[in-house]
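As recorded in Swiss-Prot:
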COILED    69-105  coiled coil
COMPBIAS  1-19  compositional bias 'Polar residues'
COMPBIAS  38-58  compositional bias 'Basic and acidic residues'
COMPBIAS  120-167  compositional bias 'Basic and acidic residues'
COMPBIAS  188-226  compositional bias 'Basic and acidic residues'
COMPBIAS  238-277  compositional bias 'Basic and acidic residues'
COMPBIAS  288-306  compositional bias 'Basic residues'
COMPBIAS  307-316  compositional bias 'Basic and acidic residues'
COMPBIAS  327-344  compositional bias 'Basic and acidic residues'
DOMAIN    55-98  domain 'CWF21'
REGION    1-58  region 'Disordered'
REGION    98-344  region 'Disordered'
Amino acid sequence: MSDNVGLSTPRGSGTSGYVQRNLAHFRPRDNYQSYPPKDFDSLKHQPRQPDKGLLEHDRKREVEVKVFELRDKLEEEGVEEDEIETRCDELRRKLLAEMERNQNSRGAPTGPRKNLKMHQVHELADAKIKESERLRQALKISRDYQEGSHWKKQEERLKGALEREANGDSSSMPPPPAPSGPSGGNDRGGDRDRGRGRGFGRRDRDEGRLNSRERRAPPRDWDRPPTPRGRGGRGGRGGRDREVDSYRGAAGRDRSRSRSPIRERSRTRSPVRDTGRSRSPVSERSLSRSRSRSRSYSRSRSPPRRRAADSQDRSLSRSRSRSYSRSPDRDRYREKYRDRDNRD
């Protein structure tokens with residue numbers, strides 16, 4: 001062991017006696033402060049302050065560079081050493097005085113900032129501070145102004161209002177606005193009445209639409225035979241089918257309205273069917289059959305009747321469907337077999 005470090009002898013210590021510095025040990029910093037500091041809000045909007053010692057060193061270095069240039073020039077000219085020293089001292093004093101003057105003057109130009117490089121951090125920070133100072137003087141902003149202080153005042157005002165409200169001090173709070181309008185405090189009732197009026201208006205509108213549709217439906221001439229149309233015809237379904245569909249759509253809204261005109265028509269049409277049956281010619285019989293076919297088809301497509309309908313209407317519809325359910329194909333086949341039997 002050397003320099004009285006460690007044990008007096010390595011004997012019995014289990015070590016070789018070699019002493020070295022602990023490389024993992026870090027000395028605590030002087031004037032150590034935790035981050036972020038307590039006054040972080042005040043420091044947040046301040047620009048980075050340059051190191052004044054480094055800036056002073058750079059300025060003195062520029063002065064010494066100019067002094068050495070003068071010395072080299074005088075030595076080349078062959079001037080004596082004493083004369084060179086005196087001239088260099090005069091130039092140094094002159095440049096230092098000029099530097100002090102520029103440093104003390106606040107509105108002085110910052111120098112060739114455009115020649116500063118990115119690694120000259122302290123020089124750039126100093127130039128930025130001087131530029132901000134000139135801008136503050138031009139806009140007449142006070143020195144103690146802090147950026148964002150206006151928002152801070154608003155936050156403090158809002159916080160005070162919330163604290164007063166929590167403490168129950170409602171005397172300083174403005175009174176709530178009085179309800180406007182003739183109804184006064186009965187606004188809820190007015191809104192309810194308005195909602196009811198809206199519902200009634202919609203219902204009246206639907207009923208008016210139904211009535212207008214019934215009015216627009218053209219009256220059908222039951223004495224005239226319907227035009228025959230096949231299944232693959234151009235028109236698809238006939239006008240009677242469209243009318244039935246429209247009544248069926250209207251029945252979803254108001255079933256009692258949509259079914260009443262159909263019943264009245266079926267009752268008024270009964271004498272026409274009786275007269276058609278009493279006629280003897282074949283043409284009239286086929287006409288009545290085609291009529292019955294279209295009517296039975298429309299009846300099958302009509303909307304379902306109510307359960308509480310009259311028994312007379314039910315029996316009437318059943319008898320009609322039984323009497324007119326014969327198709328023209330069956331009649332044709334029967335006539336053909338009849339002719340064949342007559343021939344035999």
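Cβ coordinates come from backbone N, Cα and C, glycine included.
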Long-range neighbours of the coiled coil (69-105), counting only residues six or more past its ends (CB under 8 A): 59-60, 63
Tally of DSSP helical, extended and coil residues in the compositional bias 'Basic and acidic residues' (120-167): 38 helix, 0 strand, 10 coil
Tally of DSSP helical, extended and coil residues in the domain 'CWF21' (55-98): 41 helix, 0 strand, 3 coil
